[in-house]
Amino acid sequence: MLLRLLLLLAPCGAGFATKVVSISLRGNWKIHSGNGSLQLPATVPGCVHSALFNKRIIKDPYYRFNNLDYRWIALDNWTYIKKFKLHSDMSTWSKVNLVFEGIDTVAVVLLNSVPIGKTDNMFRRYSFDITHTVKAVNIIEVRFQSPVVYANQRSERHTAYWVPPNCPPPVQDGECHVNFIRKMQCSFGWDWGPSFPTQGIWKDVRIEAYNVCHLNYFMFTPIYDNYMKTWNLKIESSFDVVSSKLVSGEAIVAIPELNIQQTNNIELQHGERTVELFVKIDKAIIVETWWPHGHGNQTGYNMSVIFELDGGLRFEKSAKVYFRTVELVEEPIQNSPGLSFYFKINGLPIFLKGSNWIPADSFQDRVTSAMLRLLLQSVVDANMNALRVWGGGVYEQDEFYELCDELGIMIWQDFMFACALYPTDKDFMDSVREEVTHQVRRLKSHPSIITWSGNNENEAALMMGWYDTKPGYLQTYIKDYVTLYVKNIRTIVLEGDQTRPFITSSPTNGAKTIAEGWLSPNPYDLNYGDVHFYDYVSDCWNWRTFPKARFVSEYGYQSWPSFSTLEKVSSEEDWSYRSSFALHRQHLINGNNEMLHQIELHFKLPNSTDQLRRFKDTLYLTQVMQAQCVKTETEFYRRSRSEIVNGKGHTMGALYWQLNDIWQAPSWSSLEYGGKWKMLHYFARHFFAPLLPVGFEDKDMLFIYGASHLHSDQQMMLTVRVHTWSSLELVCSESTNPFVIKAGESVLLYTKPVPELLKGCPGCTRQSCVVSFYLSTDGELLSPINYHFLSSLKNAKGLHKANITATISQQGDTFVFDLKTSAVAPFVWLDVGSIPGRFSDNGFLMTEKTRTVFFYPWKPTSKSELEQSFHVTSLADTY
């Protein structure tokens, strides 16, 4: 194969010796198994599993029990090979590098049968000097070692003491010792995902040749001068200089929209050199800042930086630069022990509302630009402003962060360490240091990233005794923890990026953890930092179940995906809640029973004699249960923003677990694999609305709060309505006098004893009626219509099966569903099967005879296709 040379950034007339070339090695490769019995083509970027699937040697890895049947793939040692010709004499170049942006994971790299380097970290860039090895005709081999075997070998060599955990719980069908390999930790199995320890070249690979120097990293960070009230821009460019002579030239920075044109003289000496440029923006120039979604615009400015160096060598970089500040505020709170824990963006306190992001697929080459756009657009469509990139996955691809910049999604960025203790031997630490240095350089220019976090739950795992470690080794583990996350990761982060905070773990007690030597005896202290909270036994409709914490960065409940999603990876014999498939797909111990337990607290379990009908009804009820549970919990956190009760409160963040799915299985997600919205995601669109009325009971008293995430005070009125389950006619209604909710506050709007409320509504009891309420001004709805159940729905009286029909019409690219119902219907679920798209609302309480809902397709469809696929379910249909 003849590869063309891409001449980079060289002006016309420049001598060939000054040019830089980049030769892409993406595309067609060959792979073979350890014994050579399997030989096949493969695509780079990619992995072995994808290559086998594309050649139909294996079926869909997600189908039924294939995660077990295909375990042999990860246990084998695979080799990638590429033969290519170069039409240029590489000997004319001073330096030639073979660069891998990502290798998964443990491999020996050979060029023309000469070993040129080893890899052991999925998360770092590798650059190998091949100046004296490259020829006109070349063969690259990447000989991978099984990650499963490697992890076991590294664990066996660590004989001084145990580094737990050894293996995941048996229910996860996973592999052991993932903490000994710098690889996507969930690829060895997790409680929501399969074990697929991949091998492959998962990112870009190329050859770079140059004579003078090469630009390796280009970074920039806006800095606000509080004293001068001006913006500055720091631009850092990392060069590899191979010339023995001093290289001189100019760096020209241009930001036309800010009237910036600045020229700097620069000099580069031999070796790894970083050029720092400082751009001071005139105080008279108005700079529009970047704001999170819902709080303002995501204004960015086009910037170009041109390096014109000796001999006509020219490098040009273009980027969008955003201006914003971020501050993590930990300060005393009146009438409360402890400290606050919240983020200020551009000086404004922001309540983080969102979810947690996990890898969108076990096979990263299947995560397309379209899929990222769909998932992240669904984030802002649900009124979220933040995601936590969880530490057991991957540092996401560049496009992920670019989309978050564009959409205004704040990112809490974990480093990739999760639910484990880790070794601190020299080889491991050397690899981690390279990883962290690379990722900070790669990511720090993104305004969307507002904080770094050292790990997921590892402080809690150590200090709360998750792994039954021997007491005599506690100090050893503490020393290792501080060595890894504080002395190394934290040090590297703070040296490379002074523009955003770093916390050592999540959950953590923040400043208190630091004061206690980086590990707190109780990392879940509600008076400090962030917490993670899960409780599948207590009644999730009871708000007293939940912690009145400063910031809740994980919480949630499981549900099953829709039947249309499961159908693609299952067969008819699997369509039962007690089937082998249903048990196999559930990776949380007792998870399926815990869902039934929560359902039984407030709903009737399906009892149809038709097995498929009962299965579908159960799937539906798990989504109803999950949505209602997370709604109750999130609303509790939102109304806790402005209050302190018994020293607890001032909650400033709610990130539920989890946003997306890695495969088709029961999980905590609100988006199914492929992006279909669960009922929870529709609920999130309401409970994360900028203005929300929240209702709850305490000692027979109904309270309604108003929670505002607006930037300005708002005058409005509250309307409270009562319906019976047996009639579509409104029983009674009352409205308050106009009042003002202050910007960014949560305040009590309404209190009334429930017996008094019902007394004024003829024929109403707790079991026969339901309360709804909303905020409005001058007849205009300002909030979602919220509701409060006065009893468990399994005890509801007068609830009938509703005959709900839909008339579908098309308006441009949108479809209109005009609904009619014969009865009050809770949890009305509209479904169009596998047709990709989302509704404007779903899972709603229908108390009116008619309602109009819109469907936004993600791919072209038709009215007839929607009519054929349409199905509607409400709660009474499951009885």
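Quick reminder: no glycine exception, Cβ is built from N, Cα and C everywhere.
Straight from Swiss-Prot, the features:
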- Asn35: N-linked glycosylation site (CARBOHYD)
- Asn77: N-linked glycosylation site (CARBOHYD)
- Cys167-Cys176: disulfide bond (DISULFID)
- Asn297: N-linked glycosylation site (CARBOHYD)
- Asn302: N-linked glycosylation site (CARBOHYD)
- Glu457: active site, proton donor (ACT_SITE)
- Cys540-Cys629: disulfide bond (DISULFID)
- Glu554: active site, nucleophile (ACT_SITE)
- Asn607: N-linked glycosylation site (CARBOHYD)
- Cys732-Cys761: disulfide bond (DISULFID)
- Cys764-Cys769: disulfide bond (DISULFID)
- Asn803: N-linked glycosylation site (CARBOHYD)
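Projection of Swiss-Prot feature records onto the structure.
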{"residue": "Asn35", "record": "N-linked glycosylation site", "CB count, 10 Å": "8"}
{"residue": "Asn77", "record": "N-linked glycosylation site", "CB count, 10 Å": "17"}
{"residue": "Cys176", "record": "disulfide bond", "CB count, 10 Å": "16"}
{"residue": "Cys540", "record": "disulfide bond", "CB count, 10 Å": "22"}
{"residue": "Glu554", "record": "active site, nucleophile", "CB count, 10 Å": "22"}
{"residue": "Cys629", "record": "disulfide bond", "CB count, 10 Å": "26"}
{"residue": "Cys732", "record": "disulfide bond", "CB count, 10 Å": "15"}
{"residue": "Cys761", "record": "disulfide bond", "CB count, 10 Å": "20"}
{"residue": "Cys764", "record": "disulfide bond", "CB count, 10 Å": "20"}
{"residue": "Asn803", "record": "N-linked glycosylation site", "CB count, 10 Å": "12"}
Given a 10 Å Cβ-Cβ cut-off, pick out the one of the glycosylation sites Asn297, Asn302, Asn607 that has the most other Cβ atoms nearby.
Asn302
Counting distance between Cα atoms, which of the recorded positions Cys167, Asn302, Cys540, Glu554 is nearest Cys764 (disulfide bond)?
Cys540
Relative to the Cα of Cys629 (disulfide bond), which of the recorded positions Asn77, Asn297, Asn302, Glu457 has the closest Cα?
Glu457
State which of the following disulfide-bonded residues has the fewest other Cβ atoms within 10 Å around its Cβ: Cys167, Cys769.
Cys167
If you compare CA-to-CA distances from Asn803 (N-linked glycosylation site) to each of the recorded positions Asn77, Asn302, Glu457, Cys761, Cys769, which comes out shortest?
Cys769
Using Cα coordinates, what distance in whole Å links Asn607 (N-linked glycosylation site) and Cys761 (disulfide bond)?
34
Translate the DSSP assignment of Cys732 (disulfide bond) into the three-state scheme.
strand
Cα-Cα separation of Cys540 (disulfide bond) and Asn302 (N-linked glycosylation site), in Å?
48
Counting every protein chain present, what is the number of Cβ atoms, excluding its own, within 10 Å of the Cβ of Glu457 (active site, proton donor)?
24
When DSSP states are folded down to helix, strand and coil, where does Cys629 (disulfide bond) land?
helix
I'd like to know which of the recorded positions Asn77, Cys176, Asn297, Cys769 sit within 10 A of Cys761 (disulfide bond) at the Cα level.
Cys769
Inter-residue C-alpha distance, Glu457 (active site, proton donor) and Glu554 (active site, nucleophile) (nearest angstrom):
10
For Glu554 (active site, nucleophile) and Asn302 (N-linked glycosylation site), what Cα-Cα distance in Å is obtained after rounding to a whole number?
36
Just give me the nearest neighbour of Cys769 (disulfide bond) among the recorded positions Asn35, Cys167, Cys176, Asn302, Cys732, Cα to Cα.
Cys732
Could you state the CA-to-CA distance between Cys732 (disulfide bond) and Asn77 (N-linked glycosylation site) to the nearest Å?
71
To the nearest whole angstrom, state the Cα distance for the pair Asn297 (N-linked glycosylation site) and Asn77 (N-linked glycosylation site).
50
Measuring Cα to Cα, tell me the gap between Asn35 (N-linked glycosylation site) and Asn77 (N-linked glycosylation site) in whole angstrom.
9
Cys176 (disulfide bond) to Asn302 (N-linked glycosylation site) - Cα separation in whole Å:
47
